[in-house]
Amino acid sequence: MMQDATDPAVRAALQSQPSGLNSTDDWRQVMDRIMSLTARNPDAFRQQPQANRLSAILEAVVPARANPTHEKVLAIVNALAENRAIRPDEAGLVYDALLQRVARYNSGNVQTNLDRLVGDVREAVAQRERAQQQGNLGSMVALNAFLSTQPANVPRGQEDYTNFVSALRLMVTETPQSEVYQSGPDYFFQTSRQGLQTVNLSQAFKNLQGLWGVRAPTGDRATVSSLLTPNSRLLLLLIAPFTDSGSVSRDTYLGHLLTLYREAIGQAHVDEHTFQEITSVSRALGQEDTGSLEATLNYLLTNRRQKIPSLHSLNSEEERILRYVQQSVSLNLMRDGVTPSVALDMTARNMEPGMYASNRPFINRLMDYLHRAAAVNPEYFTNAILNPHWLPPPGFYTGGFEVPEGNDGFLWDDIDDSVFSPQPQTLLELQQREQAEAALRKESFRRPSSLSDLGAAAPRSDASSPFPSLIGSFTSTRTTRPRLLGEEEYLNNSLLQPQREKNLPPAFPNNGIESLVDKMSRWKTYAQEHRDVPGPRPPTRRQRHDRQRGLVWEDDDSADDSSVLDLGGSGNPFAHLRPRLGRMF
């Protein structure tokens with residue numbers, strides 16, 4: 001018997017027996033254990049707190065079950081030590097490791113806690129469902145009570161009536177913040193989802209009682225429409241989203257109304273033709289202003305008012321990045337002589353990764369703006385890079401980049417348009433102008449003998465020239481070219497000719513033909529132009545005198561100022577640099 005008691009398996013089997021009352025227990029033994037608590041000093045036990053007395057009674061009736069796990073583990077460790085599987089000094093370490101593993105993977109407390117957690121979750125879900133359906137349950141009870149007062153069959157449209165009642169049940173069940181209640185003899189449906197709306201179900205069904213299955217004529221629906229009350233129309237509007245084309249027949253009047261309400265509620269997008277329609281109407285009324293039209297459309301379509309754009313500015317970090325980019329790009333441009341686009345790319349490659357990662361949107365926008373500025377207006381790009389106080393324009397922050405266009409430096413950019421504007425002229429003025437032009441052409445063929453004649457000839461052409469300021473500027477400058485006069489070429493240029501009067505008085509019916517003949521008569525062939533050009537004069541020998549020595553010589557090779565400045569190709573332009581050798585006569 002003692003051997004069975006020392007056996008670990010037997011001990012484990014004994015300790016794993018369930019505690020408490022069973023078939024083998026006797027109620028007399030239980031009563032003896034309870035009475036033994038008060039046998040020694042009944043008054044002392046009676047004077048203890050109620051919780052202590054209740055705990056002692058419960059422990060005496062149902063003793064607590066002892067946990068045999070550590071005893072089993074200890075028996076296993078002892079058996080291992082007796083069989084020399086482990087050394088005695090390793091018994092404590094193995095015992096502790098086994099207890100931890102049993103507590104982790106095979107613990108009754110863990111399994112119990114999991115079971116309790118699953119039960120708690122199920123209870124919470126059940127309570128949530130009951131809480132959510134508590135209002136709908138009351139509404140469904142009230143709705144069933146209302147439907148019990150209504151007839152189950154109708155004379156016409158039985159299928160539509162049944163489907164309508166099913167849609168009503170679905171609306172009461174699925175619509176949040178709604179309820180069905182009874183007030184007096186009538187039943188009401190109330191919803192507060194999009195404003196408080198209440199429908200008297202009793203009065204609505206009484207109004208719809210004779211309209212089930214009614215097919216109104218297509219042309220005249222006013223007679224049937226006058227039978228519906230606003231209360232019934234509101235019920236149809238609320239129940240329309242819960243119906244479809246198959247539930248209620250579209251041929252009936254009620255089905256037609258439900259379809260109209262359903263399509264009106266489901267159409268949430270704006271018609272695409274609205275903008276064109278309002279634009280055409282505004283133009284028909286005479287409102288051609290695009291700005292006011294867009295503002296009106298913006299208010300009509302979106303019901304939004306225009307806001308004043310906010311002022312944008314750079315913070316300290318962004319301004320520091322801007323100055324760094326300016327210095328780096330200017331250094332690349334001046335040191336390496338690269339193009340602006342390449343300089344910007346070099347600056348982007350040399351930028352610190354951390355700074356780029358923290359300011360990626362601003363740096364990308366800045367580089368994009370500078371690339372566009374360099375492509376559209378290089379001068380603006382250069383000024384922006386070299387200006388240490390430059391800040392981006394407002395369009396830089398909004399995304400609408402505005403780069404001023406560059407000035408290409410064309411000559412017509414600086415000429416006043418009023419020079420080419422037509423001026424009213426009479427027939428007498430036209431004849432006087434033509435005579436002056438003819439006289440000026442004749443004078444241009446005569447070569448001036450001196451510079452004084454050249455200077456005197458210029459003022460005569462000022463009166464008839466359409467550019468008196470340009471001619472005056474030519475004559476005011478000092479020049480010694482022998483073929484300086486260009487009045488003939490200037491006057492024969494069709495682009496610089498003064499505009500003639502195209503529409504003369506009605507006395508000249510063939511004015512268009514005469515102007516065409518006049519233009520064709522001024523045309524010259526290449527041979528005529530070559531023949532009309534005056535030939536160059538033979539070079540004259542100039543004599544120089546030396547009054548001190550009495551020497552006179554002819555200068556054949558030396559070139560005066562006029563020959564040096566003559567770019568026509570005659571003479572040696574470097575002859576004045578050669579030593580001067582005289583010849584005595």
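Including glycine, each Cβ sits where the backbone N, Cα and C put it.
Looking up Ser202, Ser292, Ser515 in Swiss-Prot shows the phosphoserine annotation sitting on Ser515. Of the candidates Tyr105, Tyr356, Tyr490, Swiss-Prot records phosphotyrosine for Tyr490; the remaining residues carry no such annotation there, which does not rule it out for them. Per Swiss-Prot, the residue annotated phosphothreonine among Thr274, Thr475, Thr479 is Thr274. Across the region 'Binding to hexon-linking protein' (138-251), the prediction's mean pLDDT works out to 84. Break the region 'Binding to hexon-linking protein' (138-251) down by DSSP state and the numbers are 53 helix, 18 strand, 43 coil.
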